[in-house]
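A.B. asks: Would you mind keeping the following structure in view while I ask a few things?
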Amino acid sequence: MPRGLELLIAQTILQGFDAQYGRFLEVTSGAQQRFEQADWHAVQQAMKNRIHLYDHHVGLVVEQLRCITNGQSTDAEFLLRVKEHYTRLLPDYPRFEIAESFFNSVYCRLFDHRSLTPERLFIFSSQPERRFRTIPRPLAKDFHPDHGWESLLMRVISDLPLRLHWQNKSRDIHYIIRHLTETLGPENLSKSHLQVANELFYRNKAAWLVGKLITPSGTLPFLLPIHQTDDGELFIDTCLTTTAEASIVFGFARSYFMVYAPLPAALVEWLREILPGKTTAELYMAIGCQKHAKTESYREYLVYLQGCNEQFIEAPGIRGMVMLVFTLPGFDRVFKVIKDKFAPQKEMSAAHVRACYQLVKEHDRVGRMADTQEFENFVLEKRHISPALMELLLQEAAEKITDLGEQIVIRHLYIERRMVPLNIWLEQVEGQQLRDAIEEYGNAIRQLAAANIFPGDMLFKNFGVTRHGRVVFYDYDEICYMTEVNFRDIPPPRYPEDELASEPWYSVSPGDVFPEEFRHWLCADPRIGPLFEEMHADLFRADYWRALQNRIREGHVEDVYAYRRRQRFSVRYGEMLF
C-alpha cells in the first residue's frame, strides 16, 4: 500500500460517519413537524428509517474503501496506522464516541467480524472519560420562581417551539403546581427551581419536556408528556417527578426518542443526574444512538467480567425450544444463542428467528418488548464458562461455536436485559403482588396487540418482570403482526363425542388462532384463574381481537402511556376549571 493512504482511509471513515449522523439529525429534526401534523404513521416510518441509516452508511464507506485500496489486502501494521490517524482526528471532534463505534463497524464489515482486538478497534474509548463534563453550549435553561410558580411555568410553556394552540394552558399549569405542591410541600417548592432541556423528546404520539427539578434536598426529574386532543390542541397529560417514573419513561423496552442531539455525549451526561439507575449504554439507547449503545454495552460487560470471579451458567427459567440462554449470576444481562436444531413443534428456521428479532428492533415496542444488541463472533474464555454450560453449548449450538483452545467463539448471539421470568415470579408472590403481575401481563398483551404485535406464544415463561414490576415480552420466535392472524371462535361440537375426541372436530389452517384456548394455558393455577376472569376475560374472545384488527386496518394508532392511567391529570384531578 502506498504511504499516506492510511490518512485518506481514516478521513474517509470519519466523513462517512459525518454523513450518517447528518442524516440522523435530519430525520430527527422532522419530529416536531410530524407531531404537529399528527402524522403518526410517518412517526413510525421515520423511526424505522433512522435505525437503518447507520448500517447503510457503513456499507457506503466500505465500498469507498474497497475502491481506494483496489481491493488489495492490508497487513496488520497498515491497519494500526489507520487507527492511529483516526484517533488523531478525534480530540476536537464533537461526536468522538460514536465516531469510534462507526470505525469499529466499518472494520467489522471489512474483516467479517474477525481479529477484534484492542489494537485494531476502539474496544474502549481513546478519549478522556466524560469529556463533556463541561459543554461548549448550554443544553438546558434555568427557570426561577421569582414571581411564583404559575409565572415560571407559563414562561416554560411559552418557550416551547410547538406552534399548535393549547387546549387550556392555565388548567395544565395549575395541575402541575398541584402535583408539585403535593410532592414537595409549599415551602420546599418555593425554594426550588427548574432546569429544562432546550430540545423536546419526541416518541409515539407525545412530545416530552424533560427537565430537572432542583430542590433544597436534591435534584429530581421533571417530565411533562405533551399530547394532542382529537381537535389538534395541546395538553399536558401528567407530571412525573421520581427517578423510578423517569426510568420507566427511558426504559429498555421502549422505542428510541427523537431528540435533536448534535452533542450526544453531552446530552447523556446531562441526563445521568435524573436517571442514576441507567447505564451509559441505556442512555445512548434511549436517545436513538443504538449502535454506540451496543459498544457501551460490550464495555460494561468487559468491566464486569474483569471484576468478578463468576462463571457463565444457564439462565434460570424453563429451557427454551429455540434459544439457549445463559448469564453471569450477578450481571443484569442475558446472552441468547439460536440453537442448531429446534423442538419438533417449532417449524421455523434460524433466519426466521433473526427476522423476528429485527422486527422488534424496528417496531414500536410500547414498553412491552425488550431491546436487544446483536453480536457476531463473540469470544468467551473457557475459564469463565461452567462445565454444565459448556456441555450444553456443545450439545445445542455446536455449529455456531469455534474452539480456539482457551477460548470459544460464538458466531452469533443477542444480549438482552435480564429479568425475572414471569412464571417464576408468579410462583413466588401472593396477594396484591400476584394481582399486580396478572394485571400487568394482561396490559402487556393488550398494548402489544394495539401496536399490531401478536406474541404468538403467550405462556408466562416468555415474559419477564423488570425491577419496576413491569411485565415485558422477550421471546420473539413466534411473533407476527396482528393483521396476519385469523382469530376464530371454536365451532360448537356436532355431537357430544366431539368434545372427547383427541382431534378437533373443525378445520385448522396456518394462521388460525382460537382465543378461547388461552384459558387452558393461562388459568390452570387456581390462584390465577379468577384474577384473569376478573381483569382480562375479553382476551379469551375472538371478537375482542378482531375488533383490534379492524382498528389497525383503519389506520388508527393507539396512545401509548409510559405511566399508569391513574397518574394522568384527567384521572387524578378531573376537569377542574381555572
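From the backbone N, Cα and C atoms, a Cβ is placed for every residue, glycine too.
Quick paste of what Swiss-Prot says about this protein:
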BINDING   Ala315, Pro316, Gly317, Ile318, Arg319, Gly320, Met321, Lys336  ATP binding site
ACT_SITE  Asp371  active site
A.B. asks: How many Å separate the Cα atoms of Ile318 (ATP binding site) and Asp371 (active site)?
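C.D. replies: With the alpha carbons as reference points, the distance is 21 Å.
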A.B. asks: Could you check the binding-site residues Ile318, Met321 and say which one's CB has the most other CB atoms within 10 Å?
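C.D. replies: Buried the deepest by this measure is Met321.
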A.B. asks: For the binding-site residues Gly317, Gly320, work out the Cβ neighbour count at 10 Å and name the residue with the minimum.
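C.D. replies: Each of the binding-site residues Gly317, Gly320 was scored; lowest Cβ tally within 10 Å is Gly317.
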A.B. asks: Same-chain residues six or more away whose CB lies under 8 A from the CB of Ala315 (ATP binding site)?
C.D. replies: Val325, Phe326, Thr327, Val334, Arg418
A.B. asks: Would you pick out, from the binding-site residues Arg319, Lys336, the residue whose Cβ has the largest number of other Cβ atoms within 10 Å?
C.D. replies: Lys336
A.B. asks: Between Lys336 (ATP binding site) and Asp371 (active site), find the distance joining the two CA atoms and give it rounded to the nearest Å.
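C.D. replies: Here the two Cα atoms are 13 Å apart.
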A.B. asks: If you pair up every Cα among Ala315, Pro316, Gly317, Ile318, Arg319, Gly320, Met321, Lys336, the residues annotated as binding ATP, what's the maximum separation in angstrom, rounded to an integer?
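C.D. replies: So the binding residues stretch over 15 Å, Cα to Cα.
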A.B. asks: Please report the distance from the Cα of Met321 (ATP binding site) to the Cα of Asp371 (active site), rounded to the nearest angstrom.
C.D. replies: 21
A.B. asks: Over all shown protein chains, what is the count of other CB atoms within 10 A of the CB belonging to Pro316 (ATP binding site)?
C.D. replies: 13
A.B. asks: Far apart in sequence but close in space: which same-chain residues, 6 or more away, have a Cβ under 8 Å from Asp371 (active site)?
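C.D. replies: Same-chain residues close to Asp371 (active site) (Cβ under 8 Å, separated by 6 or more) are Phe252, Ala253, Met285, Gln290, Val360, Lys361, Arg365, Glu416, Arg417.
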